[in-house]
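Have a look at the structure below, then the notes.
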Amino acid sequence: MFDAFTKVVAQADARGQFISTSEIDALAAMVSDSNKRLDAVNRISSNASTIVASAARQLFAQQPALIAPGGNAYTSRRMAACLRDMEIILRYVTYSAFTGDASVMEDRCLNGLRETYLALGTPGASVAAGVNLMKDAALAIINDKAGISAGDCASLSSEIGTYFDRAAASVA
């Protein structure tokens, strides 16, 4: 896992060059927006159970076969595993948002996840739909202007959306 600063240093070192002005400017912009980033991560983390529960309710309403007898989320044990997996993915999205880098999510959460779900017979499209529903819920919370740092959060919301998109694509 590399945070944005470590990544810039590693790239400059690999080139055998000093850190460029444009790289410094990009990092400075990231620092100036850090309060918005912290607010967003805090909002997702503080509302994680609501985000997961809301997404699960919507998913099971859209795909009732998942909770019907024989479905992948039928029985309380399977339902708990489904909710746990959704929560884990959401947690790694927050790690990526916090660091501004998806590598920790890729390495520790998504790497091999599709193959695991295939081996278990879990429909990847349903998992991806659940991730997209979490994305919608999380972005709605992030974009709620009440009680957050002033300023435009469109770029940060877009960035966080890409982390959800990566997670959904990795299991679909």
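Just so it is clear, glycine is given a Cβ too, placed from its N, Cα and C backbone atoms.
Annotation source Swiss-Prot lists (2R,3E)-phycocyanobilin binding site at CYS82. The (2R,3E)-phycoerythrobilin binding site feature in Swiss-Prot is assigned to CYS153. Per Swiss-Prot, N4-methylasparagine is recorded for ASN72.
Recorded features from Swiss-Prot, shown on the structure.
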| residue | record | DSSP class |
| --- | --- | --- |
| ASN72 | N4-methylasparagine | coil |
| CYS82 | (2R,3E)-phycocyanobilin binding site | helix |
| CYS153 | (2R,3E)-phycoerythrobilin binding site | coil |
Next item on the list: Round to a whole number and give the Cα-to-Cα distance in Å for the pair CYS153 ((2R,3E)-phycoerythrobilin binding site) and ASN72 (N4-methylasparagine).
Entry: 37
Note to self: Between the Cα atoms of the residue listed as '(2R,3E)-phycocyanobilin binding site' and ASN72 (N4-methylasparagine), what distance do you get, rounded to the nearest Å?
What the structure shows: 9
